[in-house]
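> So that we are looking at the same thing, I have put the structure below in structure tokens.
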Amino acid sequence: MQKSPLERASVISKLFFSWPGPILRKGYRQHLKLSDIYQIPSVDSADNLSEKLEREWDRELASKKNPKLINALRRCFFWRFVFYGILLYLGEVTKAVQPLLLGRIIASYDPDNKVERSIAIYLAIGLCLLFIVRTLLLHPAIFGLHHMGMQMRIAMFSLIYKKTLKLSSRVLDKISIGQLVSLLSNNLNKFDEGLALAHFVWIAPLQVTLLMGLIWDLLQASAFCGLAFLIIVALGQAGLGRMMMKYRDKRAGKINERLVITSEMIENIQSVKAYCWEEAMEKMIENLRQIELRLTRKAAYVRYFNSAAFFFSGFFVVFLSVLPYAMLKGIILRKIFTTISFCIVLRMAVTRQFPWAVQTWYDSLGAINKIQDFLQKQEYKTLEYNLTTTDVVMENVTAFWEEGFGELFEKAKQNNNNREISNGDNSLFFSNFSLLGAPVLKDINFKIERGQLLAVAGSTGAGKTSLLMMIMGELEPSEGKIKHSGRISFCSQFSWIMPGTIKENIIFGVSYDEYRYRSVIKACQLEEDISKFAEKDNIVLGEGGITLSGGQRARISLARAVYKDADLYLLDSPFGYLDVLTEKEIFESCVCKLMANKTRILVTSKMEHLKKADKILILHEGSSYFYGTFSELQTLRPDFSSELMGYDSFDQFSAERRNSILTETLRRFSLEGDTVSWNETKKQSFKQAGEFGEKRKNSILNSINSIRKFSVVQKTPLQMNGIDEDSDEPLERRLSLVPDSEQGEAILPRSNVINTGPTFQRRRRQSVLNLMTRPSINQGQNIHRRTAASARKMSLAPQANLTEMDIYSRRLSQDSGLEISEEINEEDLKECFFDDVENMPPVTTWNTYLRYVTVHKSLIFVLIWCLVVFLAEVAVSLVVLYLLRTSSLQDKGNNTTVNANSSYGVIVTNTSSYYLLYIYVGIADSLFALAIFRGLPLVHTLIKVSKTLHHKMLRSILQAPMSTFNTLKAGRILNRFSKDIAILDDLLPLTMFDFIQLLLIVIGAVVVVSVLQPYIFLATVPVIAAFIILRAYFLHTSQQLKQLESEARSPIFTHLVTSVKGLWTLRAFGRQPYFETLFHKALNLHTANWFLYLSTLRWFQMRIEIIFVIFFIAVTFVSILTTGEGEGTIGIILTLAMNIMNTLQWAVNSSIDVDSLMRSVSRIFKFIDMPTEESKPAKSVKPPKDGQLSKVMIIENQHVKKDYNWPSGGHMTVKDLTAKYIDGGNAILENISFSISPGQRVGLLGRTGSGKSTLLSAFLRLLNTEGEIQIDGVSWDSITLQQWRKAFGVIPQKVFIFSGTFRKNLDPYEQCSDQEIWKVADEVGLRSVIEQFPGKLDFVLVDGGYVLSHGHKQLMCLARSVLSKAKILLLDEPSAHLDPITYQIIRRTLKQAFADCTVILCEHRVEAMLECQQFLVIEENTVRQYDSIQKLLNEKSLFRQAISPLDRMKLLPHRNSSRHRSRSQIAALKEETEEEVQETRL
């Protein structure tokens, strides 16, 4: 970056903003890069600004009980704010004085007033000087205020980030990532541009007072008629604004609903294609879009009338001011023209400036209050440690989720004793509730000495991670003691990767030691992976390690923890994503050898790890089930596995575990006795409650894709609210958990940033804490979305006791990754969305405009109609002018004066004919602007265009090949459907309408002036030419700067989300200062771009104004020097010239806005033009001899499965299959050939990342493939894609449940009857689950079906496959996140429902492979072995290495016995389970 020319710029250069000249020249000639941007001045650096504000905020906290952020801001910025306010006021005063001089100039042309004619030229000079002074005052003032707003935003951004790093885990559990981003973007962007309007809250009233005084001098009391009318217009506009908000609020829910389904579709596009659900998804989204557009139209009409009211008021305000005075006393022309000029300024002050200023203050103070409350939240308390301690000791430790939870529970139970629950089963609710009242850990005791390994085991939700949290100080015990040295290293359960190189991720700011680094890389099995990258360990990883596999991320995370030299290593299930072989090697070489002298606590569920541990701690429902050695465990607790896991059978699950499915259901229905109708629930299931108590604006951002554990209540093993630390802070600064009054107003204080009422706790689902505790699959890519459940509207308890219930329900609500926008709204749209770098032309091309206009044929007719109406208006005006001029000449010729007593009354003066002209001037802009027949059809048609474009884009996305999605970020696709479609719906129609209106007003005024004074036309031509050249020159650079600014905004939010996801790791490693520095760097980069954009914008605005001032000077002097007698002509010319000046500037700005918004259109066209999948057969098929398959030829690309005979058996032949993710990319699989007999079961084996899942995708033609596959003799080249995919049933690794009913999820095309669905649900063990929900099959699942465990979702995928009657079943790691019970159900279903199907299974678990007859071993992109289990066990294969000798002995007998013995299902299930316990993760 270069040094900014601002630092050495002269005063003149700063005053006229000529210092950004070089960058404008460069941007016009060539493409701007980041290196071309100037460095920021030191006064704008985030370090300086945040330090200044932090100092004042700390002062505020120290000195007052009730600290106010606005006081800290005042001490930092107040005097500069006042100075710029005064400049702004002086600039505005000149506008009020201009009409006075105008009046005097007009008066000097009165034939009776020849005395003043001599000073007309001096009056004109005075008028022109006023314009020059105004230009010189206004622009520096506005720029100064924008600059100051930017500084305030930077300081607050930094303060919020620093606070986020200090928040206690308990507070983090109450805040969603959506709220954090919303706090930064939606609230803080108000300061950047809003500050310039803030002063009008006092300037506008002063301006109105001054103007009314001046108009009173002219018209006496009748002046107030015009003001009264303007106030009525302003109030009317406020009413219309409220009506518009009402429509938009209604629409917000629909937009949200559409975006949720769209993001689910994009995120799971692979599943959508695998299931052939493209048409079903399109229909669902289009139906929602229809409803949304109806509301969009209504809102647009209201907004159109609101906009038209401003123009329309121009004529009436003058008319109402002048008419009463003229009727009573008569009026001279000078007064009319002066009044018109005064009224133009008055109208702006009353209907625009003052309402905007009030809105700005309202928004800004609201934002400051939210930030203030956030800054006062409870902080993470660093524990005091004894550095000399070598042991790790826990004595009688107990911890609760919430302080005082037990008491709250008792109170809630008493208050609800007599209430009926909607399904009438009281026990369900309270069995869950008692669980929630229990401590997360109770009476934990253990002691481990230096160098020992403690293995912590237990079922999901037993409190394993909470134990590690407590050691780290994230969760404070309510009783008991913890002792250790405090030198901790931590490896999280779900690997966290920061943006940077692999090396930076492992070293993580610790000093570099080559030998240690190499040892760690070797022990964590990373050598081979690193050697594959061209840049080795210096390869830059994207957000969340997007380019790495899950196993690679897990190993880097582990390497980071091991590299740090600590006394105690906390490893939270570090092997979750590793294959058996890698896990075994890392456990031995890293955990047992490399770290042998260190104290380690390992959360695990593997029997081998328990055997090798020095001590074992088994947790069950928060209590210590067992503590001791492995031999003691076998002696004392021989039944530990079945007891802990509930292996005996599903029915013998503990009540808590079984009912976890129901807990969210209960939240949806009122406990008050009146049941809520199902339809109502359905309506509300997408409704978003306000995010911060008042209208929350949008925030849609890329987030993570959560995978959920089996239990809903105990699902995160992390329960991490923490306990309220004993804080020295005053009570007001801490979160109050218990309401002050019995009425239970809110859980947090009223002004709290995140919660202004009890609704928040019920509707929170994805807290920041959950974000930290979820695994990420393609973290940076996957959009995660959340919609509120109906719980947001239905209380769980009577209103008075809501607060206690909220705490209960918050614990239940876990899953989801993101707050989807409450309202897609105006300028905020641009804030939160960050796109990849796109090669967009600097200025929107004419081709885009032409294509946009021709999208809908009626748009062309509407535009032609607009032009016709306009030409008619201009023609009428010219005719009127001609008639007036003729009558004026006749008047002069006859030299007659009409008597005041004649029928005309007192209005008529000796310049009567010109009086009529005033009506034209007054009505000119009203007539052009209102033109209701022109405006409404335009807005209506532009919304139709938006509808068509959305439809085309959706179809294009659904038909795009998977390679497109491999190169496109999901966030970018969702931005098209959210940000860009919202721009097309909301901003573009009205901005375009405004631009067309303003342009026509200017043209109309120029024509009138030119007719009256032809010389002026000569001055107009160069002005218009200058304006066009200047606009083109400026646009080239400004759009590039905007693009760079948008790209620079992305790292700020990415860094925030990344920091929050890795917060425990950050704090365990003490890296907060390093991350604050990185955040400040990201802020400074954004500031450099934004400041330069603001400066170039001011450069442009000032140049435009200078051109207009020159134009006005020319017009004034030409008029004065060439006009003869008669005040009418000079009055019209000067009044219109002043009007042209203001309007043309507005028109120029509108044209820039239109160009900017049209970029959204060009982005959408890019998506519409994407290539599509080849759905037609690649070659024709010869009719088979037996005639059986002839019907294949006539199946068209229909999604409905017809009962033809293909596929009949499921015989599959693969020949020379090669697969790539993208065209021209490296082959992921090469020359794969094998054959599978009908009904055979084949297991895929291979290390992590060997290509097993890729092979399954290749079967479905989801990749770029070469070679051939045949099913029952039919080649994939001979039939359509849809038909081919229909042959397969799929259970993907990433389960797809979209927002909709159970029925829709199982059968989106609605082909099956209820009986068929229930029969299949019975077969797969889903019936009992579905029947527990109200509405049964019609129960609406939202948030990816968060009320279901991962196992139940897998069962739904299984049911889909059974319903599709597929002959070949593909299973991609179905047991990865399953508890043993659900896994057994899946195994049983596979045996029964798919007995005669071909099954291809990809698995990590050895025991999962027991049913397979053949095994396909994939290594180095190709088939290494394809054989039966016996041969693989005899040879030296990967399969043989992966399992222990003991298991090897078991495998063959197990297969034989299980195939030949017949026994009852339950007995078989039980026996199999017990045999497998050795391998199963607890």
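Cβ from N, Cα, C; glycine included.
Feature annotation from Swiss-Prot assigns ATP 1 binding site to W401, S434, G458, S459, T460, G461, A462, G463, K464, T465, Q493; the stated evidence is similarity to another entry. Taken from Swiss-Prot, the feature ATP binding site applies to 458-465, 1246-1253, supported by sequence analysis. For Y1221, G1246, R1247, T1248, G1249, S1250, G1251, K1252, S1253, the entry in Swiss-Prot reads ATP 2 binding site. Under the heading phosphoserine, Swiss-Prot lists S549, S660, S670, S685, S699, S711, S736, S767, S790, S795, S813, S1458, citing similarity to another entry as support. Annotation comment: Swiss-Prot describes 654-831 as region 'Disordered R region', evidence class similarity to another entry. Look at Swiss-Prot and you will find 1454-1482 tagged as region 'Disordered'. Here Swiss-Prot flags 99-122, 217-222, 320-339, 880-919, 1118-1131 as topological domain 'Extracellular'.
So that I understand the layout, could you describe where these features sit and how close they are to other parts?
Within 10 Å of the C-beta atom of G458 (ATP 1 binding site) sit 25 other C-beta atoms, taking all shown protein chains into account.
A 10 Å cutoff on Cβ-Cβ distances gives K1252 (ATP binding site) a total of 26 other Cβ atoms nearby, all chains included. DSSP assigns K1252 (ATP binding site) to a helical segment in the three-state reduction.
S549 (phosphoserine) falls outside any helix or strand according to DSSP and counts as coil. The Cβ of S549 (phosphoserine) has Y577, T1248, G1249 as same-chain neighbours under 8 Å, each 6 or more residues away in sequence.
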> What is the interatomic distance between the Cα atoms of G458 (ATP 1 binding site) and R1247 (ATP 2 binding site), given in whole Å?
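So the alpha carbons of G458 (ATP 1 binding site) and R1247 (ATP 2 binding site) sit roughly 27 Å from each other.
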> How many Å lie between the Cα of A462 (ATP 1 binding site) and the Cα of G1246 (ATP binding site)?
32
> What's the CA-CA gap between G1246 (ATP binding site) and S1253 (ATP 2 binding site) in angstrom, rounded?
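Cα of G1246 (ATP binding site) to Cα of S1253 (ATP 2 binding site) measures 10 Å after rounding.
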> DSSP three-state call for G458 (ATP 1 binding site): helix, strand or coil?
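SS state of G458 (ATP 1 binding site) = strand.
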> May I ask for the distance between Q493 (ATP 1 binding site) and S1253 (ATP 2 binding site), taken between their Cα atoms and rounded to an integer number of Å?
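Answer for this pair: 23 Å between alpha carbons.
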> Express the distance between the Cα positions of Y1221 (ATP 2 binding site) and K1252 (ATP binding site) as a whole number of Å.
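Cα to Cα, Y1221 (ATP 2 binding site) and K1252 (ATP binding site) are separated by 14 Å.
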> Calculate the per-residue pLDDT averaged over the topological domain 'Extracellular' (217-222) and state the result as an integer.
84
> At a C-beta cut-off of under 8 Å, are there same-chain residues at least 6 beyond the topological domain 'Extracellular' (217-222) that contact it? List them, or none.
103, 321-325, 328, 335, 338-339, 342
> Do you know offhand how many angstrom separate G1251 (ATP 2 binding site) and K464 (ATP 1 binding site) by C-alpha?
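Rounded to a whole number, the Cα-Cα distance is 33 Å.
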> Give the residue counts of the topological domain 'Extracellular' (217-222) per reduced DSSP state, in the order helix, strand, coil.
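So the topological domain 'Extracellular' (217-222) is made up of 6 helix, 0 strand, 0 coil.
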> Look up K464 (ATP 1 binding site) in the DSSP assignment and report helix, strand or coil.
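SS state of K464 (ATP 1 binding site) = helix.
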> How does the topological domain 'Extracellular' (320-339) divide up by DSSP, counting helix, then strand, then coil residues?
17 helix, 0 strand, 3 coil
